[in-house]
Structure formats: structure tokens, C-alpha cells
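These come from Swiss-Prot:
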LIPID     Lys19  N6-decanoyllysine
MOD_RES   Lys5  N6-methyllysine
MOD_RES   Lys5  N6,N6,N6-trimethyllysine
MOD_RES   Lys5  N6-acetyllysine
MOD_RES   Lys15  N6-lactoyllysine
MOD_RES   Lys28  N6-glutaryllysine
MOD_RES   Lys57  N6-lactoyllysine
MOD_RES   Ser58  phosphoserine
MOD_RES   Lys65  N6-methyllysine
MOD_RES   Lys80  N6-succinyllysine
MOD_RES   Lys80  N6-glutaryllysine
MOD_RES   Thr81  phosphothreonine
MOD_RES   Lys123  N6-glutaryllysine
REGION    1-43  region 'Disordered'
SITE      Ser32  site 'Interaction with ZMYND11'
Amino acid sequence: MARTKQTARKSTGGKAPRKQLATKAARKSAPSTGGVKKPHRYRPGTVALREIRRYQKSTELLIRKLPFQRLAREIAQDFKTDLRFQSAAIGALQEASEAYLVGLFEDTNLCAIHAKRVTIMPKDIQLARRIRGERA
């Protein structure tokens, strides 16, 4: 911003802001006596970054075991009925599925960043899968 020359102005006399400050102070003190304290909220993105760091450090499975098991059995029903699974087989399926999804989301994030965005969209997932050669 360019510097501008300041000109003298005629004063109006009394100082009005003092009254305003007094009313501000009265407003501040009034809610503290009878009002309910507002819950603390983090700024947008702070919790997301904390979760990213937390999950990048961890090695545990992110999808709950029983819902994944039900889904795997439901999908297997379409191919052959009355299939039985060892618990190790379900565990291996879940490990592989989560590894695939995490990798896909990493590539999806790179696609979003390439488009100068921070929000991933379905078109980013489609592009990532197309580049990988999974979907023509």
C-alpha cells in the first residue's frame, strides 16, 4: 500500500469511544455470570491433520473385524454358497483390502494435489485407477 500524506482534521470535542468501551465491558461480564460456556472447537483442518499423523504411525487394522467378515462372506455368496472361511483367511483378506485402499487413497490425494485442490473427489479416484491400469 502506498503511503499517503495525512491532513489535520478538526476535532469534535468530547471522546465518544469511552462510552462504547464501557458498554463492551458490561457485555463481556454479563454472560459469564449466567451464560453457558461455549465448547472449545479446533480450527478446520487441525483435527484432520492430527488424525493423519495418528493413523500413519499406527499399524492396526482400520476397518472393524466383524463388519468386514460379514461383507467378505456376502461377496463370496455370489460365487459359491456354503463357503467356509478360516479366521486367518479373513485376516489376510482384510489386510490386503486395507493395503489396497490406503494405496488408492494415496494416489487419489496426489491426483487432487495435481489439480491444485486439497479435497479428493470421485474423479480423482477414477483417474488414479485409470493410471494404474485397473479400469479402462
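Any Cβ shown, glycine's included, is placed from N, Cα and C.
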Measure from the CA atom of Lys65 (N6-methyllysine) to the CA atom of Lys80 (N6-succinyllysine) and give the result in Å, rounded to a whole number.
22
Which of the modified residues Lys5, Lys65, Thr81 has its Cα closest in space to the Cα of Lys57 (N6-lactoyllysine)?
Lys65
Have a look around Lys57 (N6-lactoyllysine) and count the other CB atoms within 10 A of its CB, chains all included.
7
In three-state terms from DSSP, label Lys123 (N6-glutaryllysine) for me.
helix
Per DSSP, Lys65 (N6-methyllysine) is which: helix, strand or coil?
helix
Reported as an integer number of Å, what is the Cα distance between Ser58 (phosphoserine) and Lys5 (N6-methyllysine)?
60
Taking just the CA atoms, what is the gap between Lys123 (N6-glutaryllysine) and Lys65 (N6-methyllysine) in Å?
29
Drop a 10 Å sphere on every Cβ of the modified residues Lys5, Lys65, Lys80 and tell me which sphere holds the fewest other Cβ atoms.
Lys5
Write down the Cα-Cα distance for Lys65 (N6-methyllysine) and Lys5 (N6-methyllysine), rounded and given in Å.
71
